[in-house]
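So that you can see what the record holds, here are the features copied from TrEMBL:
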- Glu105: active site, nucleophile (ACT_SITE)
- Glu109: active site, proton donor (ACT_SITE)
- 5-219: domain 'GH16' (DOMAIN)
- Asn113: N-linked glycosylation site (CARBOHYD)
- 12-31: transmembrane segment (TRANSMEM)
Amino acid sequence: MASSSTSSSVKLMLLMPVLVSSLIVATVGNLNQDFDITWGDGRANILNNGELLTLKLDKASGSGFQSKNEYLFGKIDMQLKLVPGNSAGTVTAYYLSSKGSTWDEIDFEFLGNLSGDPYILHTNVFSQGKGNREQQFYLWFDPTADFHTYSILWNPQRIIYSVDGTPIREFKNSESVGVPFPKNQPMRIYSSLWNADDWATRGGLVKTDWSQAPFTASYRNFKADACTWSSGASSCSSTTPSSSSNSSLWLSQELDSASQVRLKWVQKNYMIYNYCSDTKRFPQGLPPECSA
């Protein structure tokens, strides 16, 4: 663990993006305009004139939604409040994905747990249908007590996962060493709440307690500064995305020195699995992007 002085200073840095964001007034989209409910037979609902979306899971079914738009690069933000209490066996998935057998995908998955035990935030990147690039984290707060912002920045050079403005993972373009990078296939946003008690909690040892159902996950404040894809063409020129903020900074954005400090702090203190450290899983050698 970090020293107390380092820990305190980094905790202050973790809070800075939250404080700064509170000073910025962003236009909040209407979730009815951005998303379609795709399954769940009434268990998914868009409420409060499009300001809130909820997914429910009971023993009969989960539920899910997807974005109306497809995107090819962008900065995607969504606030989520996860299933509270005994959420063991449940998974809340929030991800970008293309279609087909050689699909690309950028994953957030939140693995539920027994009351009082931490959620596991599971991340993965698929390129050309190949995944197995998992990193898992605990969070430094209770993700069920309030809404928190989960972000994906995806540009031609890198993918950055962030929580409340704090980067937790960076996946760089490593095409130079033969690793495909998601850059040619437009992706939709998908989210679902479903039962995965065969594997989600302690490898499937802890089952879903259906007496706690229905389980509910909530979403709000979606924002996409992104290139949308329609009829085979991007809304962006080579340099200028079509976005609500008219800002294309994300298209070439990388982690500055302060963000690198926060990233290292999170990975030192909260990362619980990293495929790039799993030599038993890869006895023939770690994947090439791990040393790129």
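We number each residue from 1, going along the chain as drawn.
The backbone N, Cα and C atoms fix where each Cβ goes, and this holds for glycine too.
Remember, it's a predicted structure, so these values are computed and weren't measured experimentally.
Shown here: features listed in TrEMBL, placed on the structure.
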residue	record	Cβ within 10 Å
Glu105	active site, nucleophile	18
Glu109	active site, proton donor	19
Asn113	N-linked glycosylation site	20
Inter-residue Cα distance where the pair is the residue listed as 'active site, nucleophile' and the residue listed as 'N-linked glycosylation site', in Å: 25
Integer mean pLDDT for the domain 'GH16' (5-219): 90
